[in-house]
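Swiss-Prot has this to say about the protein:
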ACT_SITE  15  active site, proton donor
SITE      58  site 'Substrate binding'
SITE      103  site 'Substrate binding'
ACT_SITE  136  active site, shared with catalytic histidine of dimeric partner
ACT_SITE  140  active site, proton acceptor
SITE      147  site 'Substrate binding'
SITE      167  site 'Substrate binding'
SITE      180  site 'Substrate binding'
SITE      182  site 'Substrate binding'
SITE      184  site 'Substrate binding'
């Protein structure tokens, strides 16, 4: 068994290596090829990664083999040999390289009581003395100068990682070098998941939410928080209270450390939660009165049903049936909406015989705001219809009085509106669980609205009909992020987001 230190898995009773505790002491130097999720990766020759854990005031560092992988792997993902035996788990990465943790090459195991440890990239051509690096002549003069001082107790260790050689130096309080170890191997340092956020500024809550989501979905990391205001800790805690839904009390761990001018939010996730940390799912459902965005657990339930059923079949056509006056059930409203949708013309001020329902939404807007409102509202409204039972959107019918108002535009502007609608519908992401993988089916009409006595008109009601979709329709990509191999935050696509759900 292997337990990631990033997830709180350190156990002093088990074998400990950089990044993991395990029930077996596996010599990872003997492997030339490894497998992750049945994909094979070659161990990089003559190049290593210096990895370390700092747990319970103990430092565990070593040069480890690494393999190249252009896909994003999660901390804790199992690593196997070619016979299918698990030999380690994913722990550290540098760009598109991942470490293979276990018994590695040169190592350093320290008690950190009273001493510090620092890591540096050793620049090509530089020499090292104690805690500084520079060109050789400068370092030589530095060493001569410090030799005159008496050595004192060691207070710091410095690990220097270079392309051709690695070194460990120790220094006393004056910076005098007390000890040096030299490893004739080239290595790299893993990229830490570190994000910097300023609070007390515009969009600070959004930036903080994005950072938390990305780090929790990438095994953990640290957010360095600064603020123009004096009480950075107070401002931070207020922001964290407003977005507490982003982390799970059961699965995620979050710790705030206060500094003088900044705070640090350390976090890691056990990856046992069925869902990724998500700010917004952008999955909508239609209710009688509104288009509601599903939260993560509602989305899990909805997507689980689609996965289990392999998608949905088209809805059967409505049966013809004469309803007595005044009946307002869902089917009668839908039938009236269908008749209204097929009208060739309308009269300004006429009353519509049906209101909003699970299948119908009315909205009115001025011609000036028409394209803006379509851009802002169309994706959520139409995707909610597609995810529920299908439905009708009528733009130009007053939501309160249910009277026809319309909007007045020229022919060229109408073409732009029609093009906008087509563009926004075609951009709606669909995640399929079925074999047919059909597109969203819809129809759009502009129904002319006449005033009494007018023979011509430039006033219209826009009528859009959307059928129930076979699978899940998103209004946009989910607002859920991860740290990529370059250390940048990337948003999951809908397909990627769904693929990470533990159904």
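Cβ atoms here come from the backbone N, Cα and C positions, even for glycine.
Taking the features listed in Swiss-Prot, we show where each one sits on the structure.
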residue : record                                                          : DSSP class
15      : active site, proton donor                                       : strand
58      : site 'Substrate binding'                                        : strand
103     : site 'Substrate binding'                                        : strand
136     : active site, shared with catalytic histidine of dimeric partner : helix
147     : site 'Substrate binding'                                        : coil
167     : site 'Substrate binding'                                        : strand
180     : site 'Substrate binding'                                        : strand
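In this structure, of the recorded sites 147, 167, the smallest number of CB atoms within 10 A of the CB marks 147. Nearest neighbour of the residue listed as 'active site, proton donor' by Cα distance, taken over the recorded positions 58, 103, 136, 167: 103. With a cut-off of 8 Å between CB atoms and residues at least 6 apart in sequence, the same chain places 16, 109, 110, 111, 112 near residue 58 (site 'Substrate binding'), listed in sequence order.
Here the recorded positions are 140, 180, 184, and the one whose Cβ sees the fewest other Cβ atoms within 10 Å is 184. Taking Cα separation as the measure, the residue listed as 'active site, proton acceptor' is nearest to 147 of the recorded sites 147, 167, 180, 182, 184. Checking the recorded positions (103, 136, 147) against residue 167 (site 'Substrate binding') with a 10 Å Cα-Cα cut-off leaves nothing.
Checking each of the recorded positions 103, 136, 147 against residue 182 (site 'Substrate binding') by C-alpha distance, the shortest gap belongs to 136. Distance noted between the C-alpha atoms of residue 103 (site 'Substrate binding') and the residue listed as 'active site, shared with catalytic histidine of dimeric partner' is 34 Å. Its own atom aside, the Cβ of residue 182 (site 'Substrate binding') has 13 Cβ atoms within 10 angstroms in the protein chains shown.
A straight line from the CA of residue 184 (site 'Substrate binding') to the CA of residue 147 (site 'Substrate binding') spans 26 Å.
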